[in-house]
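As annotated by TrEMBL, active site, proton donor applies to 88. Residues annotated as substrate binding site in TrEMBL: 146. The annotation domain 'NADP-dependent oxidoreductase' is assigned in TrEMBL to 61-300. What TrEMBL records for 113 is site 'Lowers pKa of active site Tyr'.
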Ligand SMILES: NC(=O)c1ccc[n+]([C@@H]2O[C@H](COP(=O)([O-])OP(=O)(O)OC[C@H]3O[C@@H](n4cnc5c(N)ncnc54)[C@H](OP(=O)(O)O)[C@@H]3O)[C@@H](O)[C@H]2O)c1
């Protein structure tokens, strides 16, 4: 049940937010450039003028009942970036964790997404409104289109809803997830010709050594679109790969830490999920070692294409 104070807050008109820098004193660097040194406070600049913390905490499949506790543990560990979605049904416990963390709102970067069933202008607008209603937040840092399903009109309509919410200051940065190069080209053309505005600030894809998506990565890099990597540890499915065994021995780090470090050094923003306190900590302890050129080469499989999740990038509706 919502408190009277929260209901009142939700009824207030949304505050206009000028694009200023991310509140923490993050190390600033170019989006397309791989920073030489990282720490958990490193942030990458976005086309919107805001910044995004380089390590994200994912909550897909985190049950709502466990989500606030796990997210609070992530905050205590040092994560300042939470990746949720309408479809995950846990935006509210994420927002509760933000409120109960003792941190300032501006210190945390929170993402949600338009669900596949809410594509199109009106439905996407409702999705955004519902996120505000459920979370009680004044603004959302990043809102993505979760997947490109639904056809061109629906994709463009959803973008228009995001661009309007961004202009109104409710959403700071906008972007897409699971878009193939053909979807990205379509969106770029729509932005150029429609006048609805918005820049693609972030793109989110399944990315790891066995799914490097070099075509999409190149498209995004050319436009300074920050690249988020989901399933960065391949849901544990590659834990026994010999290459990971060799690198864990060389660096004294776990296979999960090796994969997360690979992601950071590729210039991605890895979004890693765990509800297990010790793993939440393990996955953040990736800033005290470095993979060298040979290590990165050993993890380079340019022709591999093995998703462990869904793959809407190949859809053609
Ligand atoms: N845009 C999209 O379509 C999309 C799709 C999928 C995911 N995502 C985002 O990306 C995030 C991460 O993806 P994901 O959750 O699918 O996969 P993932 O982060 O690659 O793997 C998560 C799984 O690995 C386990 N795990 C975590 N850390 C571990 C460690 N150090 N050692 C061993 N096992 C470990 C977790 O178990 P426990 O939790 O039990 O510890 C969980 O089962 C999601 O939460 C979501 O935010 C986005």
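Backbone N, Cα and C atoms are what each Cβ position is placed from, and that goes for glycine too.
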Distance, the residue listed as 'active site, proton donor' to residue 113 (site 'Lowers pKa of active site Tyr') (CA atoms, angstrom):
9
Roughly how many angstrom lie between the C-alpha atoms of residue 88 (active site, proton donor) and residue 146 (substrate binding site)?
11
So, in DSSP terms, is residue 113 (site 'Lowers pKa of active site Tyr') helix, strand, or coil?
strand
The domain 'NADP-dependent oxidoreductase' (61-300) [mean pLDDT, rounded to integer]:
98
